[in-house]
Amino acid sequence: MPTVLGQNQYGKAETRVVRVTRDGPVHHIRDLNVSIALSGAMDDVHLSGSNARVLPTDTTKNTVFAFAKEYGVASPEGFAARLAHHFVTGQEAIGTARVRVEEYAWDRIPTPGPAGHSFVRSGRETRTAQVTFDGAGGRWQVLSGLKGLTVMNTTDSEFHGYVKDRYTTLPETRDRILATEVNACWRHAWDGGGEEDKDEWDEAFERTRGHLLGAFAETYSFSLQQTLYAMGSRVIEQTPGIDEIRLSLPNKHHFLADLAPFGLANDNEVYYTADRPYGLIEATVLREGATAAVPVDLTNLP
Ligand SMILES: O=c1[nH]c(=O)c2[nH]c(=O)[nH]c2[nH]1
């Protein structure tokens with residue numbers, strides 16, 4: 001049976017790079033996990049075994065380290081954009097480069113003297129960025145995001161009025177804990193403009209994170225779906241440069257512990273949590289008129 005080569009891409013995945021910038025005794029760190037995926041005129045390597053157009057994945061890994069030294073890491077998005085631009089403009093065979101970055105956050109450890117060089121990994125939250133540069137069209141796509149941002153409201157959450165069939169056992173509640181782990185990915189309207197180093201990426205990230213947290217905390221919730229929409233629309237409404245955000249919110253259920261066997265009342269004070277199964281609430285929120293482009297399945301993003 002004849003076969004044909006379909007979509008293909010290659011590059012080094014998960015290059016871990018830690019960049020230390022020394023400002024006298026005060027050090028700064030950026031801790032990244034970088035994955036490169038290159039595509040273009042790569043038929044030969046698959047079909048004939050000729051490597052004449054193949055920039056080794058090893059080289060793409062080396063480039064990550066070299067760029068960290070030469071240009072520093074102003075932001076995950078800026079670093080990814082610089083790499084994507086480099087591969088597409090530097091290699092004739094490469095038409096498109098997609099660079100994914102995970103960033104792990106570190107806080108300073110307070111010390112009696114001036115805080116300088118001691119850090120502690122903060123939380124389980126991971127910042128994400130994905131930059132794709134299509135050389136033929138000169139088109140950029142910049143996605144920013146986060147995963148593992150765990151939040152909880154201990155009241156202002158109800159869930160009732162839902163469909164009941166013969167298998168429904170869930171009791172209605174007028175006051176429950178609402179907890180989730182925010183996984184989000186948002187798309188910037190950015191056309192490149194040679195601003196790979198644009199350091200506003202960090203500020204934009206913090207603002208968006210703040211909107212997500214603010215909307216979660218301030219929404220009186222009748223479902224996690226409603227909270228999700230409030231979070232997404234707050235980001236879109238407050239940020240002219242973001243037209244689309246996708247949210248994936250596992251419902252981290254908290255159940256009231258049964259204290260009746262001990263003769264104790266449980267007035268919404270003692271809960272147990274179960275990590276699985278969990279409700280998984282997912283949706284994209286768009287500016288009116290915008291076209292959806294953020295992948296529906298965020299689990300495969302960095
Ligand atoms: O916020 C919720 N949305 C649901 O769709 C749902 N389903 C469920 O069992 N609990 C909840 N909670």
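Heads up, the Cβ atoms here are built off N, Cα and C, so glycines get one too.
Going by what TrEMBL states, the 5-hydroxyisourate site holds Thr57, Phe159, Gln225, Asn251, and the candidate of Arg139, Arg176, Arg207 recorded there is Arg176. Secondary structure from DSSP puts Lys12 (active site, charge relay system) in coil. Proximity to ligand 1 (Cβ under 6 Å from any of its atoms) holds for these recorded positions out of Lys12, Thr57, Asp58, Phe159: Phe159. Nearest in space to Asp58 (urate binding site), taking C-alpha to C-alpha distance over the recorded positions Lys12, Asn251, His253, is Lys12.
Spatial neighbours are here defined as Cα atoms within 10 angstroms of one another, and by that definition the neighbours of Lys12 (active site, charge relay system) among the recorded positions Thr57, Phe159, Arg176, Gln225, His253 are Thr57. The Cβ of Arg176 (urate binding site) has 23 other Cβ atoms within 10 Å, all protein chains considered. Ranked by CA distance from His253 (active site, charge relay system), the recorded positions Thr57, Phe159, Arg176, Gln225 have Arg176 at the top as the closest. The two recorded residues Arg176 (urate binding site) and Thr57 (active site, charge relay system) have their Cα atoms spaced 50 Å from each other.
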